[in-house]
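What TrEMBL records for this protein:
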- 24-49: transmembrane segment (TRANSMEM)
- 42-293: domain 'G-protein coupled receptors family 1 profile' (DOMAIN)
- 61-88: transmembrane segment (TRANSMEM)
- 100-121: transmembrane segment (TRANSMEM)
- 142-164: transmembrane segment (TRANSMEM)
- 197-222: transmembrane segment (TRANSMEM)
- 243-266: transmembrane segment (TRANSMEM)
- 272-292: transmembrane segment (TRANSMEM)
């Protein structure tokens with residue numbers, strides 16, 4: 001195609017599956033289906049248990065419910081295009097549909113990061129000021145924190161689709177994944193993308209980057225408080241309440257940081273590694289979070305067992 005400097009936007013992009021393994025896509029879809037099923041059923045189960053169990057109506061489980069809703073949103077954003085490509089080889093996605101999917105994927109990722117920070121704050125208050133925990137994190141405060149998290153994610157990423165729509169695109173329309181990702185779309189443009197790169201980096205560092213720093217700081221303060229406790233048993237009991245949250249933080253942030261580094265600095269990284277890290281980032285946390293919290297939280301396990309006994 002010849003553009004002669006004129007403005008051009010493609011009508012659609014072409015999504016990619018797993019490079020080099022296109023012939024095996026129907027078989028590869030089996031573990032993906034299992035992970036999606038685990039994510040959908042596990043997070044719905046968590047939401048039902050928290051809603052129906054009065055003893056779980058506490059700040060920790062309200063934040064866990066926010067995490068479950070966010071994970072469900074991430075799953076529903078990527079499931080149609082991923083399974084559509086693996087099952088029916090549907091590679092085409094409209095330009096505006098791609099921008100919409102990209103926006104919701106990034107918004108939900110930023111919301112998940114903020115929810116994990118709120119959960120770290122909850123653990124800090126519960127361990128450092130146990131007697132004031134209920135008075136500090138009231139239901140009204142939790143709702144306000146949830147609304148602030150939602151507003152922060154929605155507003156901070158609102159300019160991204162418009163920044164992409166103003167660009168002129170070249171003839172290449174193949175994305176690197178079976179979903180739309182901001183750095184991936186940006187690299188297909190022929191125009192100057194410095195504004196997109198700068199804004200994306202600033203937003204990433206000021207939201208997810210700051211969330212991670214404050215989570216680490218929260219645990220530094222938690223460890224400092226735990227060390228001051230009288231007995232070893234009290235220390236272990238206090239730290240045990242944080243294990244599931246630490247696992248959720250690691251499962252979310254490690255792939256996210258890896259994917260961001262690959263997109264910005266990993267020009268020589270094999271496409272297969274890029275694809276695997278992207279799928280790990282978007283599919284593994286929603287599938288594992290319900291398992292992590294069900295295994296480590298005795299309250300959730302007991303509520304689940306009571307629900308199963310009632311059904312029997």
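Here the Cβ of each residue, glycine as well, is placed from N, Cα and C on the backbone.
Unlike curated records, TrEMBL annotations are generated automatically.
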Contact between the transmembrane segment (100-121) and the transmembrane segment (243-266) (3 or more Cβ pairs under 8 Å, separation 6+):
yes
Whole-number mean of pLDDT values that fall within the domain 'G-protein coupled receptors family 1 profile' (42-293):
91
Applying the under-8 angstroms CB criterion, which one of 24-49, 142-164, 243-266, 272-292 scores highest with the transmembrane segment (61-88)?
24-49
Residues from the same chain, set at least six apart from the ends of the transmembrane segment (24-49), whose C-beta lies under 8 A from its own:
17-18, 56, 64-65, 68-69, 71-72, 75, 79, 82-83, 85-87, 89, 279, 283-284, 286-287, 289-291, 293-294, 300, 303-304, 307
